[in-house]
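Asker: Before anything else, here's the structure in question.
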């Protein structure tokens with residue numbers, strides 16, 4: 001059950017510490033998924049590792065690198081000359097933020113990478129990421145833009161003007 005009242009704000013230092021922990025957690029996920037994939041696919045089944053297994057590894061490394069680099073640059077803290085924390089960076093744990101989508105991409109890639117030890121066809125599940133991106137683009141940008149009224153806005157009637165017109169009509173009768 002959620003606590004009642006206003007959600008407490010977090011200070012710069014707390015955001016800085018949480019960002020460090022979040023980055024450390026996702027780095028462990030990246031390293032773990034790569035270790036499992038390399039151990040199973042490229043060491044145990046080395047003789048059956050194809051060109052596509054190596055390409056999948058390179059693809060996942062590129063996705064991990066881009067996502068992790070983006071997250072770490074968002075969380076970059078600023079310090080003053082005397083070493084005091086000036087800015088804790090963007091909050092990586094903020095809901096509906098860009099970092100949340102980057103974390104989803106890292107998790108999806110890790111899950112697909114580990115499951116692809118069984119079959120390379122599992123990589124087709126990675127198409128969920130661009131599908132989700134297209135969905136968000138449609139819901140937040142394109143859909144409202146296409147469905148917006150393109151005609152001139154209807155003139156708003158002022159209440160005073162409307163009352164005046166009603167009085168004039170009553171006088172005419």
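Using N, Cα and C of the backbone, Cβ positions are placed for all residues, glycine too.
Residues or ranges marked as N-acetylmethionine in Swiss-Prot (evidence: similarity to another entry): 1. According to Swiss-Prot, the transmembrane segment annotation covers 25-45, 51-68, 105-129, on the basis of sequence analysis. Per Swiss-Prot, region 'Disordered' is recorded for 153-173. Per Swiss-Prot, compositional bias 'Basic residues' is recorded for 160-173.
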Asker: Which residue counts does DSSP yield for the compositional bias 'Basic residues' (160-173) in the helix, strand and coil classes, in that order?
Answerer: 13 helix, 0 strand, 1 coil
Asker: Excluding the flanking five residues on each side, which residues at least 6 beyond the ends of the transmembrane segment (51-68) place their CB within less than 8 Å of a CB in that stretch?
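Answerer: Non-local partners: 23, 26-27, 30, 33-34, 37-38, 41-42, 102-103, 105-106, 109, 112-113, 116, 120, 123.
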